[in-house]
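S.K.: Mind having a look at this structure? Questions to follow.
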Amino acid sequence: MGSPVVDQTDDLELLSLIGFDGRTIHGLKVHPNGEHILYPLGCKVAVVHWDSRKQDFLEGHTNVITALSVSLDGKYVASGQINHMGFKAFVILWDFEKRTALMKHDIHKVRVEALDFSFDSTYLFSLGGRDDGNVVVTHIPSLEPMCGYPATKATAGDALTLKHSNRRSSVFMTGGEGSLRVWQVNPEKRFVRAVDVQLSKVKRNIYCVSIDPQDEFAYCGTLTGDILKVALYLTEDTTITEPVRTPNMIVCLGKVSRSKKRNMEAERYSLGVRDIMILDMQNGDRILVIGAGDGTVEVVRENENRFKDHNRLKSPSYPLLNVLKSTSVNSAVTSLQKFQQHGIMVGNDLCEIYLIDICTFNVRLIVTCHTTCIYDIAFPKDYSEVFATASKDDIRVWHTETCKELLRISVPNFTCSTVKFAADGKSIISGWNDGCIRSFTPQSGKIMYTIPNAHNKGVTALDLTSDGSTIVSGGGEGQVRVWKINSAVHKLAAILKDHKGPVSDIHISSNNQQAVSASTDGSCIIWDIVRLVRLQILFANSLFMACRFNPEGCQVLTAGTDRKIQYWECYDGSLIRDLEGSTAAALNSLDISLDGSFFVTGSNDFLVKVWNYNEGYTTHIGVGHAGIITAVRLSPDSKYLISVSDDGAIFTWKCPFQSSKVEARPDPGIVCAVGAEKLEVAQPVSSAAKDKIRIRKTSSGGLGFGSGDCAKEENIVSLSRAHSACSHHSTVDVRDRPPEIESEHGEEIRPNSFRSNEAQSRGSSGVRKIMENKPSGTVCQINQPSVLPNSRLIQSGAKTSSDPCLPKSSITRVPTAVKSETCKGKIVRKPIHRH
């Protein structure tokens, strides 16, 4: 039966967003007030206050944002998007102070390539993509588009970038594939005119353009790796926009070679010059900041003396740039911005933001996020301050409120498909596409043990019992395996082979007696994990993607590609309710609150929905994801709702309902100590506050959470990283020893005691000494000591609740056979193949 008709659903409130779309060219912007930074992520523009890290969002786009600009006076923000083939792409003009849209037009087709304001905020210039190819000028005071014109000649390629003049509001430049033009706007005739820059015989693809403050020269970065210096020939009278002669290239700049034959050839930047920033003049020489495609960021001085032996050069690039300072940000630079007085903010295509001090040229990583699809989310038991995400590249642990990355765990060349926290907080359990189950410490990311060959075609799902003694895992071959875990032996208890397709999800009931597994073969099976037998099997004309027990354990909720949310009776396996979860897209994930009063779903239509469990209708909808939603999770205290997507974005929503079954949290131990400095841990002030976790943020940005005297234990390492405000890669060596196998059903796998040679020779004290003396750089976290036996993430207490499960008689029964419908959405599956 379908869900009841509801007149109105509310919008979910977005609290924070973890992510930065570094692939957007010139997408990172620093507001002129020096207090805010802006960047796109999906369909939203994030406005972040630098000191408080408070986030606001500009919402109004229907697809991924591809261009962003901020006016020089800070009053306006402009953003443009991409759209499906054959549809119009929107350009939105925003009021920065009010965070509201002033104007919206859809003149461009498919994609907006670049945006820029005139220096006095009179005009907004927009450039269309390959399917459009036009320049459109918008008059901001009247909020109306004035005119448009093709950006390039028919014989040239696509235009890629544009830049405003610094003294004339009606003059701007565009550059692209074999094209470089100077434009003048005629407001009286509502017309725009272009003049092609003479480049002689030099053929270049222009990536970026920067004009000096006097409008005398323009510096154009090219794919070849050199810089074209163009004379604009504009008069000193700023009211005259017509150049006195045709603009032309006067020199092609390259770096002075460091080799002995320095006068023979100029060096170029690898993978092209992606952005240029002009600094003040020094001793008559102009200082430039160059961002290259290989991640190089350099401060160079332009030598005004012409090269004398130009006839001996083998290329048109002149070695006239002297490198003063140089560093690297590890990947292609997409944005360069002056930050405050002595800083340069750099964004790269790995979705990271770095801050470089101009004086010392020290690099500090300030923002990091996932760059690929996220497959799973996990909260510790009864603890909402942190959560973990599993993606194609790594596992990351995040602080919920501040969005700080606390830990990163990487296994080279393998993909993590599922992650869970152990109930005692001593380990992070994960499943990988090489068929292994790996356990890591939550403090350092050091590997604790590995179960090799857990599944033949990769581990696709797993769950743990609340006492941590049993792991139930599912694989790509369709088998469900039960593992008995203790401190000495990891034993395979049973192999359950009823599924015929990959296992997509597993959930264990609250009493640790049963487990339900969902598979893409169209079946869900309820298992007795004590007697290791099958209890019930549920069939539907769908690829099941998610399953969950009701907190009381008497019903199972499922979702899949048929767009249906189905309630099943655990006692006899009958279908008792059938809801339409989406009108056009498959459902990928669901989660139920602790009291069972509501649940959430994520689907291929980019929507997060909150449902009333008893009534079966949608109460709230979250809009903002630009990719397929792959997982949704409710925090244990029902305060937060986390959703992730295949573009690597993490959205934190305010949960609209407070669960009535939130348990008091006992005093936990320290679980993570990763930051820029040694952490300060707040101690409880009274016995009444022992059940609360107090967080203290140091002046250097470090975070610590926990309470009690366990913070004084010497074996708990506080990392010192002046190089970055968050943890960097924790690369794990996966050269594991083979297990000792007794039989198929009695396999014993002893814990792996492998450690690197350095760690074996130096021990824990040696590692601590290394970390304390290391001033900067990447921290290798594998050699850190493991978690203390008495260090725990949560001390689980017994659950008691008087809330009855939804009675069977209160729900209208429908026939077991459900009519199938064709799914129009894309199916998102976890990786099941070996690398």
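Just so you know, glycine gets a Cβ as well, placed from its N, Cα and C.
For 452-487, 496-529, 580-621, 622-654, the entry in TrEMBL reads repeat 'WD'. Annotation comment: TrEMBL describes 727-771 as region 'Disordered'. Among the features that TrEMBL reports, compositional bias 'Basic and acidic residues' is placed at 730-750. Per TrEMBL, compositional bias 'Polar residues' is recorded for 753-764.
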S.K.: Taking the repeat 'WD' (452-487) alone, what is its mean pLDDT?
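M.R.: Mean pLDDT for the repeat 'WD' (452-487): 92.
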S.K.: Where else in the chain does the repeat 'WD' (622-654) make close Cβ contacts, counting only residues six or more beyond its ends and a cut-off under 8 Å?
M.R.: 11-19, 41-44, 57, 59, 63-64, 351, 369-384, 387, 389, 391, 398, 400, 403, 588-594, 600-604, 606-610, 662, 825-826, 828
S.K.: Kindly say whether the repeat 'WD' (496-529) and the repeat 'WD' (452-487) touch, using the definition of 3 or more Cβ pairs under 8 Å where each pair is 6 or more positions apart.
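M.R.: In contact, yes.
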S.K.: What are the DSSP helix, strand and coil residue counts for the repeat 'WD' (622-654)?
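M.R.: The counts are 0 helix, 19 strand, 14 coil.
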S.K.: In the repeat 'WD' (452-487), how many residues does DSSP call helix, how many strand, and how many coil?
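M.R.: Summed by class, the stretch gives 0 helix, 18 strand, 18 coil.
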